[in-house]
Amino acid sequence: MAHAEVLSPASLFGTLSPKGVYILGYGWLYGMSVWVSFFGGIIALRALPRHQFGALQHKTFPVYFSSSIGLSLALLGFWAYAHPGLLDNINSPLRADVAQAYVLGTVIVLQSCNQLVVGPMTSRQALNFHVPNSTMFQRHKLEKEEGKSYNEPGVSAQMKALNAKFGMLHGISSLANLGAVIALTFHGLWIGSYGL
């Protein structure tokens, strides 16, 4: 028969172990990633006019990407601490502990690419005179000037070029984010099956 733990101040304090904090951080990161990637954006797209949806994503994605980077860095730090031989074997990616560190590193790289490169090109407004406005805001401005939505027949060549650039950037961002979600799924399956 299994031993039943009795709740006490000591048992509650024991939940603040590094393993407990790691699982909580991973759950936060994975849940956030799945929600933003597959639910939140779709709901917002259906509920909001397109320009409001763009404004919402413009504010949401930097928080999402920076949170993903920060949580992944923290998890990688915990992982390295829990696996003391990791750095000595960092060139052995077939070792399970090293492979999982690479998985977390992949999330950091992909979301950093979104946060620092693709995101600013897609939807951040210019911070100074030397940086042109992003693709999304250029497209919004041109829609007002032309009096047409970006996808109406007869839009200008400039609008078609902006549409192509926006589509490319959106595709790159989506693939990078999907890669991060896949990496996190693999990591979750690993720690669920083999522990920390």
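A Cβ is built for glycine as well, from the same backbone N, Cα and C atoms used for every other residue.
Keep in mind that TrEMBL annotations are predicted by a computer and have not been checked by a curator.
Bear in mind that the values here come from a model prediction, so they are computed numbers and not experimental data.
According to TrEMBL, the protein has these features:
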type     : residues : note
DOMAIN   : 24-124   : domain 'TMEM205-like'
TRANSMEM : 28-49    : transmembrane segment
TRANSMEM : 61-81    : transmembrane segment
TRANSMEM : 101-118  : transmembrane segment
TRANSMEM : 168-191  : transmembrane segment
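Secondary structure of the domain 'TMEM205-like' (24-124), assigned with DSSP and counted as helix (H, G, I), strand (E, B) and coil, comes to 88 helix, 0 strand, 13 coil. Sequence-remote contacts of a segment are chain residues at least 6 beyond its ends whose Cβ falls under 8 Å from one of its Cβ atoms, and for the transmembrane segment (168-191) they are 23, 26, 29-30, 33-34, 37, 68, 96, 100, 103-104, 106-107, 110-111, 113-114, 118-119, 121-122, 135.
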